[in-house]
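First the structure, in the form of structure tokens, and then the observations on it.
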Amino acid sequence: VDRFLHSYSLVAQDLPAEQLQRLQELFSSAVEEHARLLAQVQGATLVPLELESRLGSLIGRFQLYLREARAVCTQSWARFQPLRMVGGCTLIAASCLLCYVASELAAASDSFYRSCLLYPLLWGLVVAVLLGLAHAFTQEGLDLLIVSSWAAAASQLGFFWHWWSRHPKRARLAGSQPPLASVGLRQRLRAWLGLAFPMGILLFRCGAMFSDSFVVAEARVAPFLLASLVMLLVGKLHWDGRLTAPEGPKQQLLGFSSYRREIWYLLCLVAMLLICVRLSGFFHQCREEIPQCRPSLFLSPLASLRNTRAKNLFYLLCVALLAGLVYAVRSWLRHYGNLNSSDPLVLFVRWGFPLVVLCIACYWAVASSADDSLGKLQELVQVAVVAFPWAVYGLASVGLLLLLCNPMTVFAKDTRESAGSIVTPYLGVPSSEVDFLHVIPQIYKRMQESQKSRLERGSCKATVAAYGLGSVYSAALVIALTLLGFLLMLLHSERLSLAFLLLFLEAFMLLHIHTRAKGLAGDAEPFSVPWYAVISWLLAASQFFYSTGHQPIFPAIHWNAAFVGFHLDHSTNLLPAVLVGANTFASHILFAVGCPLLLLWPFVCEMPSSQKRKPKKEPREEPQEMEEHMMEMRLRESPEKFSAALLQLGLKYLFVLGTQLLACVCAAMILRRHLMVWKVFAPKFLFESLGFVVSSICLLLGISLVMRVDCAVSTWFSQLQLR
């Protein structure tokens with residue numbers, strides 16, 4: 001200990017010199033006493049009793065030295081501020097409570113934005129300005145942390161004050177009404193039970209943060225909790241009787257219930273989701289605390305493979321996966337009519353996506369064979385290793401700019417009948433082939449118009465056919481997610497594209513399971529996203545943090561991502577930090593940007609609850625039938641509800657993120673003296689905090705993109721009315 005303190009004091013100046021001098025005096029006097037005692041023992045001049053007492057005194061002096069040395073080091077190295085820690089935890093807890101309460105109030109109040117959000121925000125700004133002026137007049141140092149904390153606390157107090165002042169009014173109104181029957185109590189109990197099981201999973205997730213063993217094994221905990229949540233969802237639907245068809249006379253006579261046809265589709269989706277969860281475990285990274293673990297072979301780049309045949313097979317597989325992703329996205333857009341127009345964004349999806357895949361494939365080919373090239377070819381390879389990533393960066397940037405400038409992927413076709421004759425009159429019978437080529441298409445067009453006029457009833461008459469309007473919001477998000485996926489796959493090793501394929505498949509399964517479950521449950525609130533969907537979405541994000549080869553430890557960071565497109569030179573630390581951060585939090589970015597799909601996807605797929613079974617209709621009721629298939633245009637029927645639903649979804653997402661962050665912060669605070677605090681809890685706290693910041697920013701970007709599309713749709717409708 002003395003040698004370490006002496007060596008440390010030579011390179012660092014954080015230990016007080018006076019206390020180091022006192023420690024040196026204590027140690028020197030104890031060593032001298034030990035030397036004298038050793039000499040007397042060797043000379044046999046001490047009796048046993050005197051030797052025992054002097055040995056006890058010497059041991060006491062050495063123990064005093066160790067205690068003093070520990071006190072000095074603790075004072076300098078382990079300085080904690082418990083008051084600020086408690087204040088920070090209180091602010092995070094109040095923010096989580098605010099997000100939960102605001103998410104419940106968002107859809108229930110018309111003046112919610114002004115009374116519960118705008119005014120408290122102004123309170124916080126006023127407090128921040130007053131504190132800044134007080135520091136300026138007193139000429140004291142301005143602590144931005146203290147000012148921002150007090151501003152946040154003031155805004156939170158303002159929110160809860162407004163909420164509490166309105167809460168008794170609702171209670172009095174509820175008390176003035178007659179008591180409801182037991183049916184209302186049963187529905188309320190079901191609602192609480194429906195909230196209990198996803199919140200229970202979230203509680204288990206937060207409780208695992210307090211155990212170093214669970215933090216070390218979190219790569220297996222998150223998939224287990226996700227699978228448990230999905231299975232509990234199916235069990236709840238069965239418990240509520242949502243999976244069985246209404247009993248007819250035959251079923252009542254035989255005494256059994258038949259299941260709906262939709263249940264088999266739901267079970268297939270759940271099975272495919274569980275398969276994706278299981279397969280994602282093959283892309284794991286190991287920690288030092290698990291010595292028997294072996295990292296996945298998929299984490300190493302193709303250049304590390306010595307077997308040329310295996311390298312080529314993996315390369316072809318990765319390129320085929322990229323091409324398959326482009327084909328799937330374009331097929332989905334074509335299915336919903338979002339590839340019919342000739343706008344720049346649609347043209348980019350048609351031709352830009354294959355070009356991006358080509359650039360990524362060329363980069364992988366060059367990077368995997370860079371070590372095998374010799375001579376002048378080596379210089380060409382060095383240029384290509386930089387050029388192809390920059391081509392991908394440029395193409396992706398162009399695509400995102402086109403998406404922001406004009407996110408509409410709608411093709412409008414005027415179907416109004418012309419006033420004049422459709423077929424051009426001919427003088428006599430057409431005798432040549434050219435005449436027939438002119439007449440036959442017009443006759444076919446006339447037949448179409450005649451058939452359409454027969455189908456029209458009353459005043460309901462389509463004048464403009466809009467292709468892709470029913471999925472215009474989701475199409476923009478899908479295009480943005482595809483571009484982000486290309487960029488993030490470029491920053492990872494080649495074989496991790498398999499993990500990204502599983503990520504997109506699992507997200508697709510979660511969206512369809514959410515849609516089917518919401519339809520089977522008969523949700524009367526189509527603008528509300530249930531808690532289980534939000535929690536499962538975030539659990540998937542946590543799962544793929546580990547399934548893309550990451551761990552919340554510093555040795556597991558993929559530092560080579562900072563040099564994708566750069567030849568070992570950076571003029572600033574900002575750009576490599578962005579690249580490494582995007583590589584580390586790739587799953588957080590994709591799931592946060594795609595979070596609005598949880599609200600939009602049931603409208604795209606036309607929820608079964610909205611397609612009510614009706615008796616056989618009369619011909620005059622046919623237009624009412626046609627209104628059923630509006631898809632995302634149902635959101636345009638009530639813009640206020642749409643805005644409130646987006647806000648509610650964002651608040652729910654932030655609540656779950658904040659709850660996980662709160663658990664991690666509390667674990668780091670309570671276990672700050674734990675043996676594994678710097679090995680397990682502190683790195684986990686840092687990664688969770690950075691993930692929270694990245695997810696919050698990307699969530700805001702995703703919601704902003706939806707709002708940008710909504711503004712573009714409004715402009716499109718206004719231009720359509722002017723025609």
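Keep in mind that glycine also has a Cβ here, set from the backbone N, Cα and C atoms.
Database features (TrEMBL):
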TRANSMEM  144-164  transmembrane segment
TRANSMEM  191-210  transmembrane segment
TRANSMEM  263-283  transmembrane segment
TRANSMEM  313-333  transmembrane segment
TRANSMEM  345-366  transmembrane segment
TRANSMEM  386-406  transmembrane segment
TRANSMEM  464-490  transmembrane segment
TRANSMEM  496-515  transmembrane segment
TRANSMEM  527-546  transmembrane segment
TRANSMEM  585-604  transmembrane segment
TRANSMEM  651-671  transmembrane segment
TRANSMEM  691-717  transmembrane segment
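Here the transmembrane segment (144-164) has long-range neighbours at 87-88, 91, 94-95, 98, 101-102, 105, 115-117, 119-121, 123-128, 131-132, 135, meaning same-chain residues at least 6 beyond its ends whose C-beta is under 8 angstroms from one of its own. With a cut-off of 8 Å on Cβ pairs spaced 6 or more residues apart, the transmembrane segment (263-283) and the transmembrane segment (496-515) reach 3 or more such pairs and are scored as touching. The largest share of C-beta pairs under 8 angstroms with the transmembrane segment (464-490) comes from 585-604, of the ranges 191-210, 496-515, 527-546, 585-604. Using a Cβ-Cβ cut-off under 8 Å and counting only residues 6 or more beyond its ends in the same chain, the transmembrane segment (345-366) has close neighbours at 302, 315, 318-319, 322-323, 326, 329-330, 333, 338-339, 381, 384-385, 388-389, 391-392, 395-396, 398-399, 402-403, 406-409, 479, 482-483, 486, 489-490, 494. When Cβ distances are compared across the two stretches, the transmembrane segment (191-210) makes contact with the transmembrane segment (527-546), since 3 or more pairs at least 6 residues apart fall below 8 angstroms. Long-range Cβ contacts of the transmembrane segment (691-717) within its own chain (Cβ-Cβ under 8 Å, at least 6 residues beyond either end) map to 403-404, 406-408, 410, 412, 469, 472-473, 476-477, 480, 541, 545, 581, 585, 588-589, 591-596, 600, 636, 639, 642, 646, 649-650, 653-654, 657-658, 660-661.
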